[in-house]
Amino acid sequence: MKKHNFSAGPCILPKEVLKKASEAVINFNNDNLSLIEISHRSKPFVDVIENARSLVLELLGLENKGYKALFLQGGASNQFLMTAYNLLNKKAAYLNTGTWSSKAIKEAKLFGELVEVASSKDKNFNYIPKNYTIPTDVDYFHCTSNNTIYGTQMKSFPETNVPLVCDMSSDIFSRQLDFSKFDLIYAGAQKNMGPAGTTLVVVKEVILGKVERIIPSMLNYQVFIDKESMFNTPPVFAVYTSMLTLEWLKDLGGIEFIEKVNQQKSALLYNEIDRNPLFNGNVAKEDRSHMNATFTLADEKLTEKFNTMWHEANINGLNGHRSVGGYRASMYNALPLYSVQALVDVMQELERTA
Ligand code: PMP
């Protein structure tokens, strides 16, 4: 039986997607060629990338609103740099909610003045700062919607007149938002979308072309828009598998459907964390992530016993990030509710036998 996979990323993908992706590696479209040995300019692959790009806009409700979807490389980490390269003329505002925001800030500082509007570093990023002010004279405001490492998630986004840029790497396609409030969204594929190797960028075209610097082609959004995401060879396997996951999500009923499942899953786990005296949830309750739930044992002496139990229960990927320790259960779109139940069962068994 397949393991209950709580890995933070790369992470669980739907079984049907893995099956179709592996078949395509051997024989794509019944053409007796592999997906990864045909030209990216051939019609079968151009159809794939076009389909993937339009599924992204459809699922996010951004069709015919001036947005372009791009499949780039270099991970979300390259977007820390690329967003600033393309959008930062003089000054930008950033909200610091953890490791990934801090890395984005570090890169953007190479290009201009940075205003850190608020930070939750004072409490090891266990909450989302609120009531901060975004200066009106900045080129954009950047935030991280879900903090994969700490297990916090922004539940609302500031009203602002400056362009809104968001790293949605770990919660894209997981909940309904008014995506048209965002001017640029980026996300590494390897959580809710596909395998590592491609990064999704959704950008409102009108915000581009306003910086004075010359942008190298490989870092220039406009170049990729003009070439329909094919300025150079795209990561064909990652794009194809992402397309399959997007089709899977659409067939299920889209974000509206999956959001309900995600809420059920996280409610099941957080209820147990709150009920069971052996476990502590360490982030502000109102900021708890529906994707990554972090928790610790109340008594560290139970560590070995708990670790043995969840391994024996066929569970994978529960250790917290190396920078925070404890446990982290990542409940991305493809994780079934019964996997969360399996974890809750182990937590209850620990309580009975400790
Ligand atoms: N942002 C967030 C919110 C992430 O969770 C991650 C990776 N876990 C990154 C950025 C960096 O992504 P990548 O490894 O694709 O560069």
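Note: Cβ is positioned from N, Cα and C throughout, glycine not excepted.
Whatever TrEMBL says is automated annotation, not expert-curated.
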Which of Gln176, Gln190, Gln222 belongs with Ala76, Ser77, Trp100, Thr148, Asp167, Asn232, Thr233 in the pyridoxal 5'-phosphate site listed by TrEMBL: Gln190
Alpha-carbon distance [Lys191 (N6-(pyridoxal phosphate)lysine); Ser77 (pyridoxal 5'-phosphate binding site)] in Å: 14
Euclidean distance between Cα atoms of Arg41 (L-glutamate binding site) and Thr233 (pyridoxal 5'-phosphate binding site), Å: 9
Binding-site residues (Trp100, Gln190), the one with most neighbouring Cβ atoms at 10 Å: Gln190
Per-residue Cβ crowding (10 Å cut-off), top of binding-site residues Ser77, Thr148, Asn232: Thr148
Nearest of the binding-site residues (Ala76, Trp100, Asp167, Gln190, Asn232) to Arg41 (L-glutamate binding site) - Cα to Cα: Asn232
